């Protein structure tokens, strides 16, 4: 693999790191101020809402909207006004001085006068034996991605907040039963969400218990529970477990550059979005330890863009000096949205579509290694990884074939290879599965994972 850094000479006015409501709103407002923001969405673009089933409390959507749909709309709106979006992950930053720089996982360096941090949060796991070992084999943090694999089965949800209730309610569409395990007697969830869960006959409750281990060898067979009052341990027999115990701020990228609190949240000055580093602003759940709502994240993204615009006008002599008025509609040369990502990849003709019927000929009998992407049209993270796989398929076509299998229309092979989480990518060599990768990853990370099996990837 070629990891030599490459610098781009253009100095941008604003770079936004992260997406979700905060990142996309910051991009929208910066674009309307004619700052032409460069946005690094990352491979988890769309943020936590990409795994949310239903958003009922975002103003303007009286009938609700799914998380991926809301993010799709926000992303397209930012594009429409001229934001430049890239799905690369940022690996390191240099934020001191008048010109800031970011380095992507692919070794590319980009520069800007101001930076907006909107990396959001990541899923908090239990950190117990068996959890990471069985991730993607019955352990999940995304009900919308993986719930359909547990039709007619007994599963568990761990947590006590709104997210746990939402996951449990969604999973009742597929599971025979859902047991909600919480370490306390009282729940943090809102009354309306808790009431819905209690009124669902498929949902059972176990309170005052912690999960001490996930049982299973190749797949989940149960949970080891400990009573927080008596200390007694029991086994709950389930085939799947969904973790919904909250999130942690993704601040490790800047933890040695800007001030953060003991829990990792980026600190801002007063009622602004300014961080301890001049010209660096922060927004969304990366900052907010109290409200953590889509609407508050969007609001702080707006504030960050306005703060950055004013700072540039005062300090950098940028385009922000030329206009602070809202602009009218503009044409964007890039209007791609997530709903077309899978179609675009397919039409490019580099990846191949395989089915249960063609699996033997296309995959198991291939002379070349074949990376099979198990995906579905409704899977948000699958849309994230689709263009990355298309790019790898094009660049590595001499060493590797990339194939896609829709688990909805071709469930047999998914069952055969115990795929219970998507996206799951399995590398086949000589007709045998030799590598399994669960979850959306960036190009550089995927190539690193594959290079120990397939040589000469670059």
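All positions are counted from 1 along the displayed chain.
Note: Cβ is positioned from N, Cα and C throughout, glycine not excepted.
Taking Cβ-Cβ distances under 8 Å and a sequence separation of 6 or more, the neighbours of residue 19 (FAD binding site) in its chain are 39, 41, 42, 44, 45, 46, 47, 71, 75, 118, 120. If you look up Swiss-Prot, you'll see 19-22, 41-48, 57, 90, 285, 292-295 marked as FAD binding site.
Taken from Swiss-Prot, the feature NADP(+) binding site applies to 163, 182, 188, 245, 265, 292. Following the DSSP three-state reduction, the secondary structure of residue 292 (FAD binding site) is coil.
If you look up Swiss-Prot, you'll see 142-145 (among others) marked as disulfide bond, on the strength of sequence analysis. Cβ neighbour count for residue 142 (disulfide bond): 23 (other Cβ atoms within 10 Å of its Cβ, all protein chains included).
In sequence order, 144, 145, 422, 423 are the residues near residue 379 (disulfide bond), counting only same-chain partners six or more apart with C-beta under 8 A. Per Swiss-Prot, disulfide bond is recorded for 379-382 (among others), and the stated evidence type is sequence analysis.
Summarising the annotation, Swiss-Prot assigns domain 'Thioredoxin' to 341-455. Per-class residue totals from DSSP over the domain 'Thioredoxin' (341-455), listed helix then strand then coil: 45 helix, 27 strand, 43 coil.
The region 'Thioredoxin reductase' annotation in Swiss-Prot covers 1-321.
Residues or ranges marked as region 'Linker' by Swiss-Prot: 322-347.
The 10 Å shell around the Cβ of residue 382 (disulfide bond) contains 25 further Cβ atoms across the protein chains shown. Geometry remark: residue 182 (NADP(+) binding site) versus residue 142 (disulfide bond), CA distance 18 Å.
In space, 163 is the closest of the binding-site residues 163, 188, 245, 265, 295 to residue 382 (disulfide bond), judged by Cα positions. Residue 142 (disulfide bond) and residue 43 (FAD binding site) have their C-alpha atoms 16 Å apart, to the nearest angstrom.
Binding of NADP(+) is attributed in the record to 163, 182, 188, 245, 265, 292, and the widest Cα separation among these residues amounts to 25 Å. Here the binding-site residues are 182, 188, 292, and the one with the most other Cβ atoms within 10 Å of its Cβ is 182.
Cβ neighbours of residue 57 (FAD binding site) (same chain, under 8 Å, six or more residues apart in sequence): 293, 295.
Note on proximity: among 22, 43, 292, the binding-site residues of the record, the Cα nearest residue 163 (NADP(+) binding site) is that of 292.
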